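Per TrEMBL, the feature domain 'Lipid desaturase' maps to 47-207. The transmembrane segment feature in TrEMBL is assigned to 7-25, 31-50, 95-114, 126-146.
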Amino acid sequence: MNRIVTVLEALGMLACLGLLLRGFQELGFAQGWWGLFWCLLALPMGYYCADLLSGLIHWVCDSFGDSHTPLWGPMLVAPFRRHHKSPGDITQISLTENLGSSAIAGAVVLWLWSPDFARPASNGVLLARLVGLWCVAFAVLSNRFHRWAHLPTARRPRWMQRLQHWRIILRPQTHALHHRKPHRGNYCILSGWANPLCNRVPWARVEAGLLRLGIRTNFD
(Lines of atoms letter the chains of each structure in order from A; the text may use other names.)
(Lines give C-alpha, C1' and ligand atoms only; values in the text may rest on other atoms or scores of the structure.)
Protein backbone atom coordinates (compact mmCIF):
# COMPACT_ATOMS: atom_id res chain seq x y z
CA MET A 1 0.00 0.00 0.00
CA ASN A 2 2.81 2.41 0.91
CA ARG A 3 4.47 1.77 -2.44
CA ILE A 4 1.25 2.53 -4.29
CA VAL A 5 0.90 5.81 -2.37
CA THR A 6 4.53 6.70 -3.13
CA VAL A 7 4.01 6.01 -6.85
CA LEU A 8 0.83 8.12 -6.90
CA GLU A 9 2.62 10.97 -5.11
CA ALA A 10 5.52 10.80 -7.57
CA LEU A 11 3.12 10.83 -10.52
CA GLY A 12 1.31 13.78 -8.97
CA MET A 13 4.59 15.68 -8.71
CA LEU A 14 5.44 14.97 -12.35
CA ALA A 15 1.96 15.94 -13.51
CA CYS A 16 2.05 19.16 -11.51
CA LEU A 17 5.48 20.06 -12.88
CA GLY A 18 4.37 19.39 -16.44
CA LEU A 19 1.23 21.50 -16.08
CA LEU A 20 3.20 24.34 -14.49
CA LEU A 21 5.72 24.33 -17.33
CA ARG A 22 2.89 24.34 -19.85
CA GLY A 23 1.24 27.24 -18.05
CA PHE A 24 4.38 29.36 -17.94
CA GLN A 25 5.10 28.54 -21.58
CA GLU A 26 1.65 29.62 -22.77
CA LEU A 27 1.17 32.57 -20.42
CA GLY A 28 4.72 33.86 -20.27
CA PHE A 29 7.41 32.66 -22.64
CA ALA A 30 5.12 32.40 -25.68
CA GLN A 31 4.31 36.11 -25.27
CA GLY A 32 7.93 37.18 -25.88
CA TRP A 33 9.72 39.77 -23.76
CA TRP A 34 6.47 41.30 -22.53
CA GLY A 35 5.37 37.88 -21.33
CA LEU A 36 8.62 37.51 -19.41
CA PHE A 37 8.10 40.97 -17.90
CA TRP A 38 4.59 40.08 -16.68
CA CYS A 39 5.88 36.75 -15.42
CA LEU A 40 8.56 38.41 -13.26
CA LEU A 41 6.14 41.10 -12.09
CA ALA A 42 3.69 38.42 -10.96
CA LEU A 43 6.30 36.41 -9.04
CA PRO A 44 6.38 38.31 -5.71
CA MET A 45 2.60 38.69 -5.73
CA GLY A 46 2.14 34.98 -6.34
CA TYR A 47 4.69 34.22 -3.63
CA TYR A 48 2.78 36.27 -1.08
CA CYS A 49 -0.55 34.75 -2.12
CA ALA A 50 0.92 31.25 -1.78
CA ASP A 51 2.14 32.03 1.73
CA LEU A 52 -1.31 33.33 2.66
CA LEU A 53 -2.93 30.25 1.10
CA SER A 54 -0.58 27.97 3.06
CA GLY A 55 -1.70 29.70 6.26
CA LEU A 56 -5.40 29.29 5.46
CA ILE A 57 -4.94 25.61 4.60
CA HIS A 58 -2.90 25.11 7.77
CA TRP A 59 -5.66 26.69 9.88
CA VAL A 60 -8.30 24.47 8.25
CA CYS A 61 -6.25 21.32 8.80
CA ASP A 62 -5.49 22.24 12.41
CA SER A 63 -9.09 23.16 13.22
CA PHE A 64 -11.47 20.91 11.30
CA GLY A 65 -11.86 17.24 10.51
CA ASP A 66 -9.55 14.40 11.45
CA SER A 67 -7.46 11.71 9.81
CA HIS A 68 -10.65 9.86 8.79
CA THR A 69 -12.22 12.81 6.97
CA PRO A 70 -12.81 11.72 3.34
CA LEU A 71 -10.14 12.69 0.80
CA TRP A 72 -8.22 15.47 2.52
CA GLY A 73 -8.16 13.85 5.99
CA PRO A 74 -5.37 11.31 5.33
CA MET A 75 -3.59 13.61 2.86
CA LEU A 76 -3.51 16.87 4.84
CA VAL A 77 -5.23 16.79 8.24
CA ALA A 78 -3.39 13.76 9.61
CA PRO A 79 0.13 15.01 8.72
CA PHE A 80 -0.49 18.44 10.28
CA ARG A 81 -1.90 16.92 13.49
CA ARG A 82 1.01 14.46 13.79
CA HIS A 83 3.42 17.30 13.18
CA HIS A 84 2.33 19.14 16.34
CA LYS A 85 3.13 16.07 18.42
CA SER A 86 6.43 15.23 16.70
CA PRO A 87 7.73 18.35 14.89
CA GLY A 88 11.10 16.86 14.03
CA ASP A 89 9.65 13.95 12.08
CA ILE A 90 9.16 16.16 9.02
CA THR A 91 12.94 16.27 8.58
CA GLN A 92 13.06 12.48 8.16
CA ILE A 93 10.49 12.01 5.40
CA SER A 94 11.13 11.59 1.67
CA LEU A 95 10.59 14.23 -1.00
CA THR A 96 7.47 12.48 -2.29
CA GLU A 97 5.97 12.21 1.20
CA ASN A 98 6.80 15.85 1.85
CA LEU A 99 5.35 17.28 -1.38
CA GLY A 100 3.20 14.51 -2.86
CA SER A 101 -0.19 15.49 -1.43
CA SER A 102 0.16 19.17 -2.28
CA ALA A 103 1.44 18.29 -5.76
CA ILE A 104 -1.60 16.10 -6.43
CA ALA A 105 -3.90 18.92 -5.31
CA GLY A 106 -1.94 21.40 -7.43
CA ALA A 107 -2.12 19.12 -10.47
CA VAL A 108 -5.91 18.87 -10.15
CA VAL A 109 -6.26 22.66 -9.93
CA LEU A 110 -3.97 23.21 -12.92
CA TRP A 111 -5.69 20.54 -14.99
CA LEU A 112 -9.08 22.16 -14.42
CA TRP A 113 -7.64 25.60 -15.12
CA SER A 114 -5.40 24.76 -18.09
CA PRO A 115 -8.02 25.33 -20.85
CA ASP A 116 -7.85 29.05 -19.98
CA PHE A 117 -4.10 29.28 -20.59
CA ALA A 118 -4.35 29.67 -24.36
CA ARG A 119 -7.31 32.07 -24.39
CA PRO A 120 -6.56 35.69 -25.38
CA ALA A 121 -6.48 38.07 -22.44
CA SER A 122 -5.83 41.69 -21.55
CA ASN A 123 -2.66 42.58 -19.68
CA GLY A 124 -4.56 42.70 -16.40
CA VAL A 125 -6.04 39.23 -16.89
CA LEU A 126 -2.67 37.89 -18.03
CA LEU A 127 -1.04 39.26 -14.87
CA ALA A 128 -3.78 37.72 -12.71
CA ARG A 129 -3.29 34.34 -14.39
CA LEU A 130 0.46 34.47 -13.84
CA VAL A 131 -0.04 35.44 -10.18
CA GLY A 132 -2.30 32.41 -9.85
CA LEU A 133 0.23 30.17 -11.55
CA TRP A 134 3.05 31.31 -9.25
CA CYS A 135 0.68 30.90 -6.31
CA VAL A 136 0.03 27.26 -7.19
CA ALA A 137 3.73 26.60 -7.79
CA PHE A 138 4.85 28.03 -4.46
CA ALA A 139 1.90 26.57 -2.54
CA VAL A 140 3.00 23.13 -3.70
CA LEU A 141 6.55 23.88 -2.50
CA SER A 142 5.46 25.37 0.84
CA ASN A 143 5.84 22.18 2.84
CA ARG A 144 9.44 21.90 1.61
CA PHE A 145 10.27 25.33 3.03
CA HIS A 146 8.38 24.26 6.16
CA ARG A 147 10.62 21.21 6.41
CA TRP A 148 13.73 23.36 6.07
CA ALA A 149 12.57 25.50 9.00
CA HIS A 150 12.71 22.38 11.19
CA LEU A 151 16.18 21.23 10.13
CA PRO A 152 18.88 21.50 12.80
CA THR A 153 21.37 24.28 12.08
CA ALA A 154 24.11 21.76 11.28
CA ARG A 155 21.98 20.26 8.50
CA ARG A 156 21.09 23.58 6.89
CA PRO A 157 23.57 24.67 4.18
CA ARG A 158 24.78 28.25 4.18
CA TRP A 159 22.59 29.33 1.25
CA MET A 160 19.51 28.08 3.10
CA GLN A 161 20.46 29.88 6.30
CA ARG A 162 20.99 33.10 4.35
CA LEU A 163 17.60 32.88 2.65
CA GLN A 164 16.01 32.26 6.05
CA HIS A 165 17.95 35.13 7.63
CA TRP A 166 16.87 37.48 4.83
CA ARG A 167 13.25 36.28 5.38
CA ILE A 168 12.94 35.13 1.78
CA ILE A 169 11.93 31.68 3.04
CA LEU A 170 10.42 30.65 6.37
CA ARG A 171 12.67 31.36 9.36
CA PRO A 172 12.88 28.70 12.10
CA GLN A 173 12.37 31.41 14.75
CA THR A 174 9.19 32.61 13.05
CA HIS A 175 7.69 29.15 12.68
CA ALA A 176 8.66 28.13 16.23
CA LEU A 177 5.98 30.51 17.50
CA HIS A 178 3.32 28.28 15.94
CA HIS A 179 4.58 25.27 17.88
CA ARG A 180 3.81 26.89 21.21
CA LYS A 181 0.46 25.79 22.61
CA PRO A 182 -2.31 26.33 21.66
CA HIS A 183 -0.82 26.46 18.10
CA ARG A 184 -3.13 29.32 17.15
CA GLY A 185 -0.90 31.73 15.23
CA ASN A 186 1.86 31.98 12.61
CA TYR A 187 0.11 29.49 10.34
CA CYS A 188 1.95 30.48 7.14
CA ILE A 189 4.69 28.01 6.18
CA LEU A 190 6.20 29.28 2.91
CA SER A 191 7.92 32.52 3.88
CA GLY A 192 5.95 33.88 6.82
CA TRP A 193 5.30 37.13 4.92
CA ALA A 194 1.54 36.74 5.35
CA ASN A 195 1.67 35.94 9.08
CA PRO A 196 1.02 39.57 10.13
CA LEU A 197 -2.22 39.49 8.13
CA CYS A 198 -3.20 35.97 9.21
CA ASN A 199 -2.52 36.76 12.86
CA ARG A 200 -4.99 39.66 12.72
CA VAL A 201 -7.85 37.37 11.69
CA PRO A 202 -10.18 36.67 14.66
CA TRP A 203 -10.08 32.92 14.15
CA ALA A 204 -12.19 32.22 17.26
CA ARG A 205 -15.00 34.39 15.86
CA VAL A 206 -14.73 32.74 12.46
CA GLU A 207 -14.97 29.32 14.09
CA ALA A 208 -17.94 30.46 16.21
CA GLY A 209 -19.70 31.61 13.04
CA LEU A 210 -19.02 28.29 11.35
CA LEU A 211 -20.31 26.47 14.43
CA ARG A 212 -23.64 28.23 13.97
CA LEU A 213 -23.72 26.63 10.52
CA GLY A 214 -23.10 23.23 12.09
CA ILE A 215 -19.37 23.06 11.29
CA ARG A 216 -17.49 22.09 14.44
CA THR A 217 -13.82 22.55 15.20
CA ASN A 218 -11.82 19.50 16.16
CA PHE A 219 -8.46 20.10 17.83
CA ASP A 220 -6.21 17.16 18.69
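Keep in mind that glycine also has a Cβ here, set from the backbone N, Cα and C atoms.
Keep in mind the model is a prediction, meaning the values are calculated, not measured.
Among the stretches 7-25, 31-50, 95-114, the one making the largest number of Cβ pairs under 8 Å with the transmembrane segment (126-146) is 31-50. Cβ atoms under 8 Å from those of the transmembrane segment (7-25) belong to residues 39, 96-97, 99-101, 103-104, 106-107, 110-111, 114, 117, 133, 136-137, 140 of the same chain, restricted to positions at least 6 beyond its ends.
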